[in-house]
Amino acid sequence: NECIRKWLSCVDRKNDCCEGLECYKRRHSFEVCVPIPGFCLVKWKQCDGRERDCCAGLECWKRSGNKSSVCAPIA
């Protein structure tokens with residue numbers, strides 16, 4: 001089962017948000033996966049669709065072929 005990405009609904013799937021995200025009930029709205037404050041993706045973690053979530057000193061690197069992007073040291 002794919003994890004739920006940032007800003008997508010997590011109604012009935014509270015524990016399925018992607019790493020570093022938590023299910024949050026917005027006022028006057030439904031529950032969505034939001035970033036956990038202070039969390040960042042460490043080196044070699046997948047960052048597809050989460051380019052700004054890599055930790056300091058890392059950037060989301062698009063690997064060749066159909067491989068997923070990962071957080072890698074800034075060259």
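Positions of Cβ are set from backbone N, Cα and C atoms, glycine also.
The disulfide bond feature in Swiss-Prot is assigned to C3-C18, C10-C23, C17-C33, C40-C55, C47-C60, C54-C71; the stated evidence is similarity to another entry. What Swiss-Prot lists as region '2 X approximate repeats with cysteine pattern C-C-CC-C-C' is 3-71, and the listing cites similarity to another entry. Taken from Swiss-Prot, the feature repeat 'Domain 1' covers 3-33, and the record attributes it to similarity to another entry. Residues annotated as repeat 'Domain 2' in Swiss-Prot, with similarity to another entry given as evidence: 40-71.
Overlay of Swiss-Prot annotations on the structure.
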residue: C3; record: disulfide bond; Cβ neighbours (10 Å): 15
residue: C17; record: disulfide bond; Cβ neighbours (10 Å): 23
residue: C18; record: disulfide bond; Cβ neighbours (10 Å): 19
residue: C23; record: disulfide bond; Cβ neighbours (10 Å): 18
residue: C33; record: disulfide bond; Cβ neighbours (10 Å): 23
residue: C47; record: disulfide bond; Cβ neighbours (10 Å): 21
residue: C54; record: disulfide bond; Cβ neighbours (10 Å): 23
residue: C55; record: disulfide bond; Cβ neighbours (10 Å): 12
residue: C60; record: disulfide bond; Cβ neighbours (10 Å): 19
residue: C71; record: disulfide bond; Cβ neighbours (10 Å): 22
Check your understanding: What is the one among the disulfide-bonded residues C10, C40 whose Cβ has the most other Cβ atoms less than or equal to 10 Å away?
Key -> C10
Review point. What average pLDDT does the predicted model assign to the repeat 'Domain 2' (40-71)?
Key: 92
Practice item. Write down the Cα-Cα distance for C33 (disulfide bond) and C23 (disulfide bond), rounded and given in Å. Key: 4
Point to revise | Proximal residue to C10 (disulfide bond) among disulfide-bonded residues C33, C40, C54 (C-alpha distance) | key: C33
Practice item. Using C-alpha positions only, work out which of the disulfide-bonded residues C17, C18, C71 is nearest to C40 (disulfide bond). Key: C71
